[in-house]
Amino acid sequence: MNIERADFVDRVKIFVKAGDGGNGCVSFRREKYVPKGGPDGGDGGDGGFVFLRANPSVSTLIEFVNKRKFVAENGKHGMGKKMKGRNGKDLFIDVPVGTVVKDAVTGEIIADLNEPGKIVCVARGGKGGRGNAHFATSTKQAPLIAERGEKGESRWLELELKILADVGLVGYPNVGKSSLISRISNARPKIANYPFTTLIPNLGVVKYDDFSFVVADIPGLIEGASEGVGLGNVFLRHVERCYLIAHVIDVSGYEREDPVRDYFVIREEMKKYSPFLLEKPEIVVANKIDLIGKEELEKILKRLRDATDREVIPVSAVTGEGIDLLVSKLASIVREMKVEKPERKEERFVKPSPVWRRLPEKFHLEVVKEDEGYWVVEGENLRVWIERFDLNQRDARLMLLQVLEKNGLNNKLKEAGVKEGDVVRIGDFEFEYRE
């Protein structure tokens, strides 16, 4: 799979907003011969959820460069005859397989969409409000009250793509990684005799007998990459998922003088990015052996084996010498590690419940003086009531004031110094204080 530089994006931020719940309805049954039909206001529909879904046909995050805001549909309002409003449509956003989803504010990892079809809910829709049919009692048979729908969740997300490959080719620029991947796989990357020809990771599928595996050509690293020198080390995130690292070294002596030093410089840059990378299985691929004499090659190979304590496989990506042995070794290691990996049990996706906060019955009230003769009643739990009900509805005001009085509202007003005739505001509702 080859991706053009302009189309390769592996980290973006997006904003997601779930749908709000629809409002409940205030309605009364009106039919011939039914003079006292009673309340029949229906409930509002639930707001749509926002999901991210791993889609194998999507290869980069380029689609999110120009569109960063995603909003699900709101639930419809309830209607008379106890008709519930329609639920808002859920919004599914397709991302590449291998996308890590983080909360952009806290940095918390929400999900790793590392398998095709895997789904995660990133914003829950709000539950629809209840219609007045729910508020009828033996003493209140015609309630003029209904609930507003809950607000849907919203958040900023950071999406980070980590390419899924079995083998990662790492090394200095121009050591022949692109030539190597084109020799062993179906990948056809740009190849040229200058550093940083590869600007994005290239993927290739390698077939060996009845087994196939994926190799990633990671853009070249140089000393100081962790400080941003060259292309930096940001592409190393794509090695994190690999089973095996194939460290490509130029042993020709034409462009790189000391293969052993090169090996440890790259290892140090990998360590600075993530010490975890050094724990991965690794083989050393000594490339460009066609450009060096046999006697000199043997000396270099011995130095590499002694210094690295790794298996060193000499190859020439140009002539093909040693390629069969390399592919056989890569396939053997990857096959063995895939067998050792515990089988993942298929997870059944269960849609979570919509946002719904219980109406609190206890309040920590605070009376704040905003101006001479003008006061505001505040409180964390009070916010839920204010958002849930339309206080322009008389019955909603009465119900809230009754609950507040049980929590000592009158005493709080007196303690704050509220005088008769002063204006008190609760949410959008204002009233004149009377003792």
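Backbone N, Cα and C define each Cβ position, glycine as well.
Taken from Swiss-Prot, the feature domain 'Obg' covers 6-164. Looking only at the domain 'Obg' (6-164), the predicted model's pLDDT averages out at 91.
The annotation domain 'OBG-type G' is assigned in Swiss-Prot to 165-335.
Classification of SER178 (Mg(2+) binding site) by DSSP places it within a helix. The GTP binding site annotation in Swiss-Prot covers 171-178, 196-200, 217-220, 287-290, 316-318 and rests on sequence analysis.
Taken from Swiss-Prot, the feature Mg(2+) binding site applies to SER178, THR198. Counting every protein chain shown, 26 other Cβ atoms lie within 10 Å of the Cβ of SER178 (Mg(2+) binding site).
The feature domain 'OCT' is assigned by Swiss-Prot to 357-435, with sequence analysis given as support.
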For SER178 (Mg(2+) binding site), the one of PRO219, LYS288, SER316 that lies nearest, given that the binding-site residues are compared by Cα: PRO219
Binding-site residues: LYS177, LYS288 - member with fewest neighbouring CB atoms within 10 Å: LYS288
Composition by DSSP (helix, strand, coil) of residues within the domain 'OCT' (357-435): 30 helix, 20 strand, 29 coil
List of residues, in chain order, with Cβ under 8 A from that of SER316 (GTP binding site) and at least 6 apart: ASN287, LYS288, ILE289, ASP290, GLY322, ILE323
